[in-house]
Amino acid sequence: MPAIKKNMRYGHPEGHTDVCFDDSGNFLVTCGSDGDIRIWESLDDDDPKSISIGEKAYSFALKNGKVVTAASNNAIQLHTFPDGEPDGILTRFTTNANHVVFNTDGTRIAAGSGDFLVKVLQVEDSTQQKTLRGHSAPVLSVSFDPKDIYLASASCDGSVRIWKISDQTCEAVLPLLEKCNDVFNAKSICRLAWQPKSGKFVAIPVGKAVHLYDRDSLKNICTLSDDFITQPVNIVAWSPCGQYLVAGSVDGCIVAWNIATKACLERIKHEKGYTICALAWHPHLPQIAYTDNEGNLGLLEDVCQGDVKQPSAKVSSAETKDYDELFDGDDDEDFLNGDMIGHEGAVNDEDDDDNFTALTGRPRNRGAIFDDDISSDVPSLKLVGNENPVVEDDQASSVQNFTSVASVKLSYNGPMPTPQQKPFQSGSTPVHLMHRFMVWNSVGVIRCYNDEQDNAIDVEFHDTSIHHAIHLTNSLNHTLADVSQEAVLLACETTEELASKLQCLHFSSWDTSKEWMVDMPKGENIQAICLGQGWVACATSALLIRIFSVGGVQKELISLFGPVVCMASHGEQLIVVYHRGMGFDGDQCLGVQLLELGKKKKQVLHGDPLPLSRKSYLSWLGFTAEGSPCYVDSEGIVRLLNRSLGDTWVPICNTREHCKGKSDHYWVVGIHENPQQVRCIPCKGSRFPPTLPRPAVAVLPFNLPYCQITTEKGQMEEQYWRSQIFSNHSDYLSKHGYECDENFKAEAQKMQQELLMKMFALSCKLEREFRCMELAEFMTQNVMNLAIKYASRSKRLILAQRLSEMALEKAAEQASAEQNEEEDEEEEDFRSRLTAGYSRTATEWGDSRAKPVKQDQYEENNEEEMEEEEKEQEEALESNTPTANPFNKSVKTPDVSESKLGAILSSNQGRVNPFKVSASQKSPAFASNSSRSTSILDNMGKFPRKPSASGSPSTSKSDSVIIKPLAPKAKSKQGQATLFHSVQAKPIAKKTTEEKKAVPTPPKAAADIAENKKPKTGFQLWLDENRPSILSENAGLDESEIIKEGMSRFRMLTSEERMLWTEKAKGDYPGEDGADAKKRKRPEQENMASNGCPQENTDSGIAAAKKHKPLGQSANNKLSAFAFKKE
């Protein structure tokens, strides 16, 4: 029964037109000279979807939802199907590509072009290319062996070549075609094809016939021809089962043969006699789509059905009838359900089974089915509906062409291993390119030219003061290169004649020999190289890293855990990435080692896994200009080593976010931390740039992938942590003895604290007080004071109280850390002085005694200044249950730490001892004046209750007290927190009673202070003068808040202004004349008199006070004020 020919329809303008079915067979896809790909749901579809791919489309292929096209822009492009979205440019030619095909599983493509080249490349990684050279004229067509071992190509030079893909060698050259100088002048485009699945034959159109060549012997074993063909055959196409071959000729004839019988089954003539330029079999049905050179599209149905419907002459029983029904059936939807089995009866001779055996490789045992007891129950073997029947012999799938019959048995092979990434050099373009970048880094650019005219290497420096440009003849065929400010390093692969070589051009050498070369051992191939500061390194196929000095001295050898992928260096650092195992499901399994090769050699990263994006590979590896390791994967994610978080990797930029199109990429050439930028080259429709014209470098900003980056909170968080990460390199540089920009570090810290304060204010507005406390953890002491002030002004007193407690803890930690630092420094200095000029023999002086020595020395130097503070602390410890002291390291450490802490918080000018006084200033008044400096911030954090009515029983306990920084106060009932959470004691009853009498109301107490002419601090004088302005701006503040506001304003004064107020306070004693001074008792005498001690023993009383510790100094001062008032 002849095939049914549908009426042809217009598809594209006049010119070469290509056609194929998609994998499911639901769509017809065509391309033509108008540069469009059209997707047809059927031949009658009046509104096909169009995808524009260029000016003209010469060829295309469709597989696994991807369309690869050869357009007039000389590029092989990839698009998604059926969306038609661009998915990248796989490769480029210098002229038009004439034919492009997929392999069987869709992982590779092959393309032949007019520049005589055939390229084979991976779809997922276009950098893995193989170039087949040998044709001397434009390539007409290419075809993959279904086993992916061979590739066949036809050319205008009159030859058909069979290539072995793995080693890019030509296995055979078949001079079968007529020669011509261009594709347009060729009598036939010679679309050859391999037999599906087995690949046993390759069909080649030769004149008016089709030659079949054997795969193994590459000899012509059969020639298919027919008198119906009067012009040269243009194209051949195999049925998916491999049993039928169809050919289209230049004069519009379509002929189909049965390969087993060599019989011609179909003869169809084009209605207008136009040239047939494309043929495609339906994957499931007996249909063939074809196009002509006028852009028309046609369809043939029921192709070769006459061959399968002849009854078998061998079998006549009922069982055989059922058997034939099982495999033949009348299910027309699955064309080869009956086709592949029934074709044997087409020829009634005894060689049927032999022919079938020759094609399948295994005879079918029909007796096994006939002898089965239940074989007569044939309907039980049929599947429900129109599904495919179960075929007992699984080898029949090699004969049955369509996937519906191939296997009913389901199986899972487990995760598929990912091919390992090949070694590469960072900043280089693929090796197969004739003009390529061997390296592009922060020092210079190395280009390689490898064509018929020249094979050379050019070295160009960004800064010509380093060295002038260098031109080298690439006689050794170097493929790897690196450049630094000291040398140029080159390496070549091993060949049959020469060993792999490492060549170094040491242009910074002071002698006349500026070049050296070393050969690798036999069989060892260099795969990666890099240049460090004073050393070079190369990684070889023997899983070794060889270290040389820059002058050529062999140094360390390092064994790798797996094959190297890439290597980079910066100064003394060397980073190596290698395969630590087999990856699965498209993922690479890479490990990384980071070594420091300076004087103190150490390994920082010990083969840790290298994190990559899903289904990606490493595309760039190196260091920032400041020396931090970083890398980029194929998805455009840039990651940096975060040394402050246990040497972890953090993503800092996504270059794909800046690409305009899906096929665009950025080719990274360098990264800087100050300023924060990625230097890269934009590549439109490709992954790497061409060498000419010279590409322009673009700059991309860093952007950490934080959540809610569009909100104000997310932006500030991202800015804070980005600044934190990129200011860490200064610590690393200073630790290793490099110069670092202190201004940069200060500016970064300033910006971080500003961001923290902004986030703190935002959280306060949102009533997120717990979040405010979390943000305060990162604040410095000064910024935390601002936060306390902001919280107080925002009427968030609980938050301010908690911030005060946190400030105490942080100050305590800071003081403790500084004290330990001083102890370590003094310990080192003490021992170095003892052993200066002598041997290092161990003695008792070498024991760890730094802590008591430090404490004794500190107490000896500061005994007089700290005397009054010690008495108050001891009194508090005796009269009250001790509070947890964060400074408590030993018996006397709290006193030392308390005094140091006061110094830290009272001044921003370094660690100055505010208690340092001369011997003539040891009066109680001055001692109390000194103690005031530690109590000002203490009183800032207190929020006293409002005084109750006069005469109430609670007046003595909760009465509003004037905040006097000169003396410590007793705790109120609720024990509110202070900024300085130091140990406070409950005073004895006598002291409390006298205090009540001495300070009944704030105005009177102030008058007493003025009357007694007690010395004031500079801050008190300033506060007295500026108190009205503070109250006018902030009405309703109580005394504690006034002092806090005053303290913040006083700190804003310059150091000179503060010093003036201090000097003014020291000179504010005159107010009494000499006579009054003689008449009036001295404060020490008043203290002794009020305590019942004789006046003449004042000095001895002071000495006795040291021993017996009667009362604190603050109590004595208040008692003296009380005694004077009573007079």
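Yeah, the Cβs are placed from backbone N, Cα and C, and that goes for glycine too.
Taken verbatim from Swiss-Prot:
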type	residues	note
REPEAT	11-50	repeat 'WD 1'
REPEAT	52-91	repeat 'WD 2'
REPEAT	92-131	repeat 'WD 3'
REPEAT	134-173	repeat 'WD 4'
REPEAT	184-223	repeat 'WD 5'
REPEAT	228-267	repeat 'WD 6'
REPEAT	271-310	repeat 'WD 7'
REGION	811-1013	region 'Disordered'
COMPBIAS	819-829	compositional bias 'Acidic residues'
COMPBIAS	846-857	compositional bias 'Basic and acidic residues'
COMPBIAS	858-877	compositional bias 'Acidic residues'
COMPBIAS	948-960	compositional bias 'Low complexity'
REGION	1064-1127	region 'Disordered'
*Sort out the residues at least 6 away from either end of the repeat 'WD 4' (134-173), same chain, that have Cβ-Cβ distances under 8 Å to it, and list them.*
95, 98-105, 108, 110-118, 120, 179-183, 185-186, 189-199, 202, 204, 215, 218
*With DSSP as the reference, give the number of residues of the repeat 'WD 5' (184-223) in helix, strand and coil.*
2 helix, 19 strand, 19 coil
*asked:* Return the average pLDDT for the repeat 'WD 1' (11-50) as a whole number.
replied: 90
*asked:* Using Cβ atoms and a strict cutoff of less than 8 Å, what residues sit near the repeat 'WD 5' (184-223) while being 6 or more residues removed from its termini?
replied: 16, 98-99, 104, 140-141, 143-147, 150, 152, 154, 156, 160, 162, 171-172, 174, 176-178, 229-242, 245, 247, 249-250, 257, 259, 262, 277-278, 361, 398, 401
*Beyond the flanks of the repeat 'WD 2' (52-91) by 6 or more, those residues with Cβ under 8 Å of it*: 15-16, 18, 20-23, 27, 29, 31-37, 39, 97-102, 105-106, 109, 111, 113, 119, 121, 123, 126, 129, 661-663, 685-687
*asked:* For a three-state summary based on DSSP, what are the helix, strand and coil counts in the repeat 'WD 4' (134-173)?
replied: 0 helix, 23 strand, 17 coil
*Helix, strand and coil residues within the repeat 'WD 6' (228-267) as assigned by DSSP*: 0 helix, 23 strand, 17 coil
*How many of the residues that make up the repeat 'WD 3' (92-131) does DSSP mark as helix, as strand and as coil?*
0 helix, 21 strand, 19 coil
*asked:* Please count the residues of the repeat 'WD 2' (52-91) that DSSP assigns to helix (H, G, I), strand (E, B) and coil.
replied: 0 helix, 26 strand, 14 coil
_For the repeat 'WD 1' (11-50), residues assigned helix / strand / coil by DSSP_ = 0 helix, 15 strand, 25 coil
